[in-house]
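Let me begin by presenting the structure, written as structure tokens, before commenting on it.
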Amino acid sequence: MASTFNPRECKLSKEEGQNYGFFLRIEKDTEGHLVRVIEKGSPAEKAGLQDGDRVLRINGVFVDKEEHMQVVDLVRKSGNAVTLLVLDGNSYEKAVKKQVDLKELGQSRQEADLRDENVAPVMNGGVETWTQPRLCYLEKQGNSYGFSLKTVQGKKGVYMTDIIPQSVAMKAGVLADDHLIEVNGENVEDASHEEVVEKVKKSGNRIVFLLVDKETEKRHSEQKIEFRREAASLKLLPHQPRIVEMKKGSSGYGFYLKAGPEQRGQIIKDIDSGSPAEAAGLKNNDLVIAVNGKSVEALDHDGVVELIKKGGDQTSLLVVDKEADSMYRLAHFSPFLYYQSQELPNGSVTEVAAPTPVPPEVSSPDPTEEVEDHKPKLCRLDKGENGYGFHLNAIRGLPGSFVKEVQKGSPADLAGLEDEDIIIEVNGVNVLDEPYEKVVDRIQSSGDNVTLLVCGKKAYEYFQAKKIPIVSSMALPLAIPADSQGMLAELEYNLHEAKERAHSTASNSSSNSEDTEL
């Protein structure tokens, strides 16, 4: 029966920095990993991909039953060339209806035998998917979480034990013999029992664990597979992000997007009664995480507004309320990862891109640590007549680029750059692992201004030692230029036009926030 269906092998190749030119997504009430939005003249179109194709294999690995983000990750990690085995939409739906073993499509028996000798065990028609690591959020009731910690002879790390029935720990999803990987976003795999106990005590009345159950750990160990924190299950977390779909009305969407000097990110304010925003379930003080499938955690106010405008008459927002934002920050996870475990509604897309992690909440500091030193800096540079006024250096054979010879009074100096600052991001893109030449090219090709996330040497070493990813939301918000102090800008646009209006230019105004009606 399988022979009546003819999958196609599409070999895609691209230049460094180029996209393949298609979206890979899942849709509600539709099975399979779908190919959508193929760009004209792109590698995807040239390779023969068609809208509605279902991806069966990536570089020979059967992926039809895999988690969507694992499939996306396989494409992303393929580098500049990838081979996709696809089946057109109609054939795929017929094959599923006839209960055809999709794994047999496109391979001979000899090929199947060879693969079976060299790949992981097969289960349910695909490469066996081990249970994911999972996040568990515990909020103390009384004096106890309801668990104990133990070490196991001959094993590295700390494990959960003595889970009290109906306790906070049990209700949060903690299991006996779970291996503790992280405490509030900090890796503890190499920590001693005493160090982990101390971290739990210091956490106060709430804590987030990244845990791996006994069977999962055993299988990963046997297969020598490393745990990927971005693949962790978020399903047990009590506060979740929300996907809000809206269509613009005659007066716009009916909400304001605001950001102030003390506010991280962009928040929803002043939702109009009876507006599309209210009908869609948007709430005041919601924090915007993504717009139309793209993370905006590293974007400034204008960047977020521009993405919403590009959506035309409809938009999809991923938002979190204060409780969810607080919990995800405590876990040091980005709410953007919520897309991993969701079947996105029609019109939403998951791009082949890495999500941005979020820093943990500020907890009670150790009095012996200089906490203020452990912050990255966001620096916006406007090019002068003689350039930006600094040199970019790198050490051969070592990752990372760093700042040298910052000229006094230059745009770099005025923006806060200092000698030895390590470049983490260029215009929101992490460049820590990129070669020196590519970092230089990113800065040079950014035009007359560039935004850099940098970290001093001492702070960088601290974050590396703690295994804490460095991201822009850890930094203080960008300073507002002196010539714009006291000005409140509001952009208002509807179906017909976009216009700007200044509310006030009074020098004694107390508001430095950005405020955009949508």
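In case you wondered, yes, glycine gets a Cβ from its N, Cα and C as well.
Because the structure is a prediction, the values reported are computed rather than measured.
Per Swiss-Prot, these features apply:
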type: COMPBIAS; residues: 507-518; note: compositional bias 'Low complexity'
type: DOMAIN; residues: 9-90; note: domain 'PDZ 1'
type: DOMAIN; residues: 135-215; note: domain 'PDZ 2'
type: DOMAIN; residues: 243-323; note: domain 'PDZ 3'
type: DOMAIN; residues: 378-458; note: domain 'PDZ 4'
type: MOD_RES; residues: S108; note: phosphoserine
type: MOD_RES; residues: S148; note: phosphoserine
type: MOD_RES; residues: S192; note: phosphoserine
type: MOD_RES; residues: S250; note: phosphoserine
type: MOD_RES; residues: S334; note: phosphoserine
type: MOD_RES; residues: S348; note: phosphoserine
type: MOD_RES; residues: T451; note: phosphothreonine
type: MOD_RES; residues: S507; note: phosphoserine
type: MOD_RES; residues: S509; note: phosphoserine
type: MOD_RES; residues: S510; note: phosphoserine
type: MOD_RES; residues: S511; note: phosphoserine
type: MOD_RES; residues: S513; note: phosphoserine
type: REGION; residues: 499-518; note: region 'Disordered'
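Per-class residue totals from DSSP over the domain 'PDZ 1' (9-90), listed helix then strand then coil: 16 helix, 31 strand, 35 coil.
Put plainly, the modified residues S148, S192, S250, S334 were compared by Cβ crowding within 10 Å, and the winner is S334. Secondary structure at S334 (phosphoserine), taken from DSSP and collapsed to helix, strand or coil, is coil. Secondary structure by DSSP for the domain 'PDZ 2' (135-215): 17 helix, 27 strand, 37 coil. In three-state terms derived from DSSP, S250 (phosphoserine) belongs to neither a helical nor a strand segment and is classed as coil. Across the structure, S334 (phosphoserine) and S250 (phosphoserine) are spaced 34 Å apart at their Cα atoms. Cβ neighbours within 10 Å of the residue listed as 'phosphothreonine', excluding its own Cβ and spanning all shown chains: 20.
With respect to their backbone Cα atoms, the residue listed as 'phosphothreonine' and S192 (phosphoserine) stand 40 Å from each other. A separation of roughly 15 Å, to the nearest angstrom, links the Cα atoms of S192 (phosphoserine) and S148 (phosphoserine). Per-residue pLDDT, averaged along the domain 'PDZ 1' (9-90), amounts to 86 for this model.
The secondary structure of T451 (phosphothreonine), as reduced to three states from DSSP, is extended strand.
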